[in-house]
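The ATP binding site annotation in Swiss-Prot covers Gly154, Gly156, Lys177, Asp189, Gly190, Arg247, Arg254, Asp351 and is backed by similarity to another entry. If you look up Swiss-Prot, you'll see Asp341 marked as active site, proton acceptor. Look at Swiss-Prot and you will find Asn342, Asp351 tagged as Mg(2+) binding site. The region 'Disordered' annotation in Swiss-Prot covers 628-652. Swiss-Prot lists Ser651 with the feature phosphoserine.
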Amino acid sequence: MASVRAAVGASLAVARTRPRCVGLALPSSAPRSAWAAAMEPTPRWLAGLRFDNRALRELPVETPPPGPEDSLATPRPVPGACFSRARPAPLRRPRLVALSEPALALLGLEASEEAEVEAEAALFFSGNALLPGTEPAAHCYCGHQFGQFAGQLGDGAAMYLGEVCTAAGERWELQLKGAGPTPFSRQADGRKVLRSSIREFLCSEAMFHLGIPTTRAGACVTSESTVMRDVFYDGNPKYEKCTVVLRIAPTFIRFGSFEIFKPPDEHTGRAGPSVGRDDIRVQLLDYVISSFYPEIQAAHTCDTDNIQRNAAFFREVTQRTARMVAEWQCVGFCHGVLNTDNMSIVGLTIDYGPFGFLDRYDPDHICNASDNAGRYTYSKQPQVCKWNLQKLAEALEPELPLALAEAILKEEFDTEFQRHYLQKMRKKLGLIRVEKEEDGTLVAKLLETMHLTGADFTNTFCVLSSFPADLSDSAEFLSRLTSQCASLEELRLAFRPQMDPRQLSMMLMLAQSNPQLFALIGTQANVTKELERVEHQSRLEQLSPSDLQRKNRDHWEAWLQEYRDRLDKEKEGVGDTAAWQAERVRVMRANNPKYVLRNYIAQKAIEAAENGDFSEVRRVLKLLESPYHSEEEATGPEAVARSTEEQSSYSNRPPLWAAELCVTUSS
């Protein structure tokens, strides 16, 4: 269990948001319905979990509507409450897909592949049985989706189970995602399917081991129950298996939790369900700050009002969010659905849907095929997060004056993002001794070179980790570096026109004949981008593979010379250059992951799981627990062979067919 202990230690360094279970109270004594009081199977492996459901004690919970038990899930507005009671809907023959040992270790659990453990996990983590002390509920929140206020949203497919207090003094909220309908399910069924659940399960854990603040995933349980899904929204629905993910975090409260008080929006006309309930906003703020920002609460106990406390809270949320998105940019992570309801109030990556990691570097990469306007491209993520913080600032008024919040946002976000981003990029480039003003320009030119050559984001940084600081083997290194650039076939596929030529021609004619109408339609950006694609495609058609290779080498030789010049400045005054080089390489390898959850890796695991084979999910999970591991660390012929196999299977550039993979909001 050494790896588990190490993971627990690492988690303490990454998640700064963990509230302590000080003065542990008995589980909530709130009245429980007949179904909650009914006899449940007795857990054995999970028997030691102690629940203390503070959120339900300290925040308003909706009084269940009169009627039968199944009326708990009747879709309805939920005014004057932060939670509604819920009940997981049973699944037919639940079966464990995988457990995450490091995530479950947070709860004091030792995971294993013993049949009894897997059976118990499948029973309780599917929602088919409830652990003693759990109080299932659904959280009420609103959100701005793709820039427009959508009104009440809430946990339509997720359920709060309760909060586990551990022997280490930590408190963790447990949540089942995909456990069935709630009052917030609207017209949906409250279920998630196998493909989307595997993606969330694997990416939650992958992000943690990359060192990025994130919610965790302890288990993935599938079943023989099915639901209909139209994966690509093309009129071809199919049945898919219902699956549940056990999610773990200090809290799942989000920016949108504070938007339930929003008056009717001037654009959409929608309002939050608790307009005018300033008392609940105060209650929610008090709960969040005292529970998850206790140092801020303690620093402002003598204040005559809470404005300075709330300002300090907003400042910290702003800084955490800036650092989080900076970390995303440094590993090429694209979230895909950065709505305000998908932004954690404690600065964690939350709600993994149509996410993706960059393969070929493209600043305009759209990982979510449902994002037709490209609102959430890779390069726009920092500014979208800042926009979401602006909406949080508006939601906190009058408890925090908007002018003060906006001043904090203007002062903190861009500065903190740039500081953290450049600090991380310096480590990725092995610039460990001195900081130079031109480092930002060097990074920008690196990304420009990667874009011009279609370089693989993850693998390019890995190759740079072995860059010779002297002039030895420079030709061999350049060959290895350019081998990570996209082939001519890949580029032609990537830049193929996406708009029917006749439609494009009509749009161009409209732009000439009636520019006002063309502007009103709002397709100018799309047409401009399509023209750029057509032009790029035309240039590619005139290139030969050897021409492309020569251009790539020229681009990289130019940047590598600047990089070498910067390294020369880095080692000025160094006495032991060998020790400096060794430390530089060590830092680079510790900050440039070899393995990320590429879409094609996830897809292969999903396809195997859909055929009843969960071994690939478990294999990928173990691989992602050591993303910075390199084959140089392997010892012995068997270990080296295994490492080499993993290298070729999981760290190569994606196959050509991976470019056709399409991920949407369908889940």
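A Cβ is built for glycine as well, from the same backbone N, Cα and C atoms used for every other residue.
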For Gly190 (ATP binding site) and Asp341 (active site, proton acceptor), determine the Cα separation and express it in whole Å.
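Here the two Cα atoms lie 17 Å apart.
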My understanding is the cutoff is Cβ-Cβ under 8 Å with a sequence separation of 6 or more in the same chain; which residues meet that for Asp341 (active site, proton acceptor)?
Tyr141, Cys142, Gly143, His144, Gln145, Leu153, Arg254, Phe255, Gly256, Glu259, Asp351
At a 10 A cut-off on CB-CB distances, which of the binding-site residues Asp189, Asp351 has the highest count?
Asp351
Write out the long-range same-chain contacts of Arg247 (ATP binding site), meaning residues 6 or more apart in sequence whose Cβ is under 8 Å from its Cβ.
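Set apart from Arg247 (ATP binding site) by at least 6 residues yet with Cβ under 8 Å, we have Ala158, Leu174, Gln175, Leu176, Lys177, Ser204, Thr215, Arg216, Ala217, Gly218.
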Got a sec? Which of these binding-site residues, Gly154, Gly156, has the most Cβ atoms within 10 Å?
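It comes out as Gly154.
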Can you give me the same-chain residues 6 or more apart in sequence from the residue listed as 'phosphoserine' with a CB-CB distance under 8 Å?
Thr458, Asn459, Cys462, Lys594, Tyr595
For Asn342 (Mg(2+) binding site), what residues in its own chain, 6 or more apart in sequence, show a Cβ-Cβ distance under 8 Å?
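Correct list: Gly143, Arg254, Gly256, His335, Ile350, Asp351, Gly353.
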With every protein chain in view, how many other Cβ atoms are within 10 Å of the Cβ of Gly190 (ATP binding site)?
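If we count other Cβ atoms within 10 Å of Gly190 (ATP binding site), we arrive at 25.
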Test of understanding: give the count of other CB atoms lying within 10 angstroms of the CB of Lys177 (ATP binding site).
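Step by step: centre on the Cβ of Lys177 (ATP binding site), count other Cβ atoms within 10 Å, giving 27.
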